[in-house]
Amino acid sequence: MPFELKRPDRNHLLHHFKTIPGNPPVEWKISNNLIEYPEALHYMQEHVENIFAQNAPEQVWLLEHPSLYTAGTSAKKKDLLAPHLFPVYEAGRGGEFTYHGPGQRIAYIMLDLKRRRQDIRAFIGALEEWIIQTLAKFNIKGERREDRVGVWVKRPNYPFTQSGFSPEDKIAAIGIRVRKWVSFHGVSINVNPNLAHYSGIVPCGITEHGVTSFLDLGFSVTMHDIDIALKQAFEQIFGPTIDVS
């Protein structure tokens, strides 16, 4: 029988993406006002080019958007169920349709993977691990799924799906793009958004499972609480940060 080399799943990939010694810490930027999506996209594209040219440091940008939908490169038109409910933007990231809005913490991640690890699959695993460790600080058990990117929470008190799957909901989505080995776009974590706003799309093209949030799970936390936990978990995986305005 010929030897078959199996591709390792994301659970078994190393999750440490700390930069090579001597590089500056990652800028940690928080915006407290709602940021329009085109403004954020323009900022990311410009910052990514500056990182590649070694004219800007790596950065994580935490923010919230007004209510909107974004379409990734794999989005299907049929999954946009209510095209006039909120503005719809072509994101250019991987993935399908998702919702962004108040009460959701967005983390845009602009890292130079050449300084870290040039492995996109492992990078996505590291982002999932970052979220899982963040959730654990609030005693929420987040899990990854090999066939679905993102972080999921089991719902044992819910009925099984129509296909007989165990019930679980997505609490965090991941959609990234890598240009010249510099990442942008990032992750979104549902803290206390209006989950009804997801009804205008098929989130990430997945019909068998729903979405949840900290509040939906019974956890009343502030965005500041989330930001502290995100920073602590980020530094464990990606290395030191420095606050910027």
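Cβ from N, Cα, C; glycine included.
These come from Swiss-Prot:
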- 54-242: domain 'BPL/LPL catalytic' (DOMAIN)
- R93, G94, G95, E96, F97, T98, Y99, H100, A173, I174, G175, G186, V187, S188: substrate binding site (BINDING)
- K170: site 'Lowers pKa of active site Cys' (SITE)
- C204: active site, acyl-thioester intermediate (ACT_SITE)
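Feature map: annotations from Swiss-Prot on the structure.
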residue : record                               : CB count, 10 Å
R93     : substrate binding site               : 21
G95     : substrate binding site               : 23
F97     : substrate binding site               : 24
Y99     : substrate binding site               : 25
K170    : site 'Lowers pKa of active site Cys' : 25
A173    : substrate binding site               : 25
G175    : substrate binding site               : 23
V187    : substrate binding site               : 24
Span of the substrate site, taken as the largest CA to CA distance across R93, G94, G95, E96, F97, T98, Y99, H100, A173, I174, G175, G186, V187, S188 (Å, rounded to a whole number): 15
Confidence summary for the domain 'BPL/LPL catalytic' (54-242), mean pLDDT rounded: 92
Inter-residue C-alpha distance, V187 (substrate binding site) and K170 (site 'Lowers pKa of active site Cys') (nearest angstrom): 12
